[in-house]
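Here's the structure we're looking at; comments come further down.
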Amino acid sequence: MPRKNFALSAVAILLSIVVFLVPFAFILLTAMKTRQEASLLDFSWPTQFRFVQNFIDVVQARDYMLIIAFINSTILTVASVTLMVVFGAMVAFTLQRKRSRWNGLINGFVLAGLIIPPAVVPTIWVLQKAGLFRTLPGLILVEIAFGLAFVILLFRAFIGTIPRELDEAAVIDGAGPARLFFRVILPLLKPVIVTSIVVQSVAVFNDFTNPLYFLPGDQNATVQLTLYNFSSQYNTQYNLLFMNILLITIPPLIMFLFFNRQIVAGMTSGAVKG
Amino acid sequence: MATTTVHRSARTRSDASAAGRVRAHSPYTNWFYLPAAVIYGVLFLVPTVIAFYFSLTRWSIFDSKFIGFDNYKTFFQEPALVSSLWHTLVYAVLTSGLKVVLGLGLAMLLTSQIIGRGYLRSVVFFPVLVSTIGVGLTFTVLMNPERGLINQSLDLVGISGPGWLTDPSLALISVGLVDVWKGVGLATLIYIAGIVSIPQEYFEAARVDGAGAWDNFRHIVLPLARPATVTVIILSLIGGLRSFDLIWAMTKGGPGFTSDVIASVIYKQYQAGFYGLSTAGNVVLFLVVTAIILPLSRFLNRKEVEL
């Protein structure tokens, strides 16, 4: 074992503080300042701490818009990720197990879903025809449609490692397709289910573009859009803007602290195999 | 052992039963495709296909009139629009290239014997999970030409920093650098996974042959981490070509149109009510992405097999 390189470590840690920690410290410090002090935009210790006051101001702004946005984002994230994972797992299971001449085509669609940028205005047109434009269910369906491909890829790789004998045994015991999948297979997929839930929740929660296009309007804002509204409304109120950034960073931070391993597994899957 | 026997006998029994009966009891059903297929088909495939038609129309949300290739003519004749095409390519290549180089470097560092490895990995990766808009707005403040932290710090060492986001020749690059700041953690993570999967025997054999750190990197890590490189290049190119939210949060395509990319043009034309033109932009983006990603991934994956 080569010994630890102290000089290199010191340089790396120092650089990591300057490059990665200072921006987060800046968010935290500015979120605690008074309006006048925050508007100086400098990196300094606050002379007066207004953390609680800023928090209350941000939450109360525009008729508790942030609370409504957090509720909307929670519904959006929970509903779309749940359905995305169930539907994606069903496709991945069938695609992996059932040999059919359509498999090539389906795999093609999955790759297309990863690569092709969604056509925005035509999607709005479809949503409008279905009466789903500017509605939360509409946006949920859109998030499912755009997120399915990644989930299917994650699941397909994992299902390949589950022996087919298990399916056969379940069938002998009289299980139909639904029972086989939901009672036998799905419980075995727990690791990849956790991974895809965590990764996709962060993605949907942080999504800005789709709510911007498909769910406009203040009363159904999602958290990323409140940030945007705040920044234009409080053009000079940097303390509140950064308090808002701080608040919407907390859910991903919690995810990161609890599910670091699963996130890493999800994001790197396929990297080794290419 | 016992389980294997049970499974085997179960299989023989099912094999023994009539082929027709087994088929009827096939546990896999196409119905499982249905929910995903309906949602994906209606909200992704249908819009992608009808985009080609609507891009040939003058379109408001109520009616559309066929006008042939006028939208494309506008797109490629208007300097502000056609420049967005080049900006998209510059942005994607710049961010992708930097993520490969920095990601590989960081991954080498973070797989070596170094103090605080866990901390360093976390701190490099965390920005990946933070809201893009939040990052964009934060760096817009940090990059403020007079009062921003970056230029204030540069002043301390006697350098007068540029107007990162106000200088027309620099704005796009500045946004790209923030994109790299936010995204390099993912590239690093993919490279780390690639590097730790290289068998230790290679390094031991190299040590016996008297290879130095550079030889290890050049002749072991670089070729064997190739699948990771392919993944990083493809992922960051796809992300870079489609990039919208960071640019929108930081410059809105400005100053002027100097940091406009196709995705921001699509949004601007949509906002202005030119749905046909916006959709034409979407089709252009579709063609650009597929024209770059498909041949590239085929090329990179083929080279991999030869290796």
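Any Cβ shown, glycine's included, is placed from N, Cα and C.
For A:70-259, the entry in TrEMBL reads domain 'ABC transmembrane type-1'.
Per TrEMBL, the feature transmembrane segment maps to A:7-32 (among others).
Sequence annotations record features per position, and here TrEMBL assigns transmembrane segment to A:64-93 (among others). If one looks beyond the transmembrane segment (A:64-93) by at least 6 residues along the same chain, the residues whose Cβ comes under 8 Å of a Cβ in the stretch are 58, 106, 136, 139-141, 143-144, 147-148, 151-156, 159, 181, 185-186, 189, 193, 196-197, 200-201, 204-205, 211, 218-226, 229, 244, 247.
Annotated transmembrane segment per TrEMBL: A:105-127 (among others), in sequence order.
For A:139-159 (among others), the entry in TrEMBL reads transmembrane segment.
Only residues 6 or more beyond the boundaries of the transmembrane segment (A:180-205), in the same chain, are considered here, and those with a CB under 8 A from a CB of the stretch are 73, 76-77, 80-81, 84-85, 88-90, 93, 143, 147, 150-151, 154-155, 158-159, 162, 166-167, 170-171, 223, 251-252, 255, 259, 262-263, 265-267, 269. As annotated by TrEMBL, transmembrane segment applies to A:180-205 (among others).
According to TrEMBL, the transmembrane segment annotation covers A:238-259 (among others).
Among the stretches A:7-32, A:105-127, A:139-159, the one making the largest number of Cβ pairs under 8 Å with the transmembrane segment (A:238-259) is A:7-32. Counting only same-chain residues 6+ beyond the ends of the transmembrane segment (A:105-127), those with a CB under 8 A from a CB of the stretch are 91, 95, 133, 138, 142, 146, 148-150, 152-153, 213-214.
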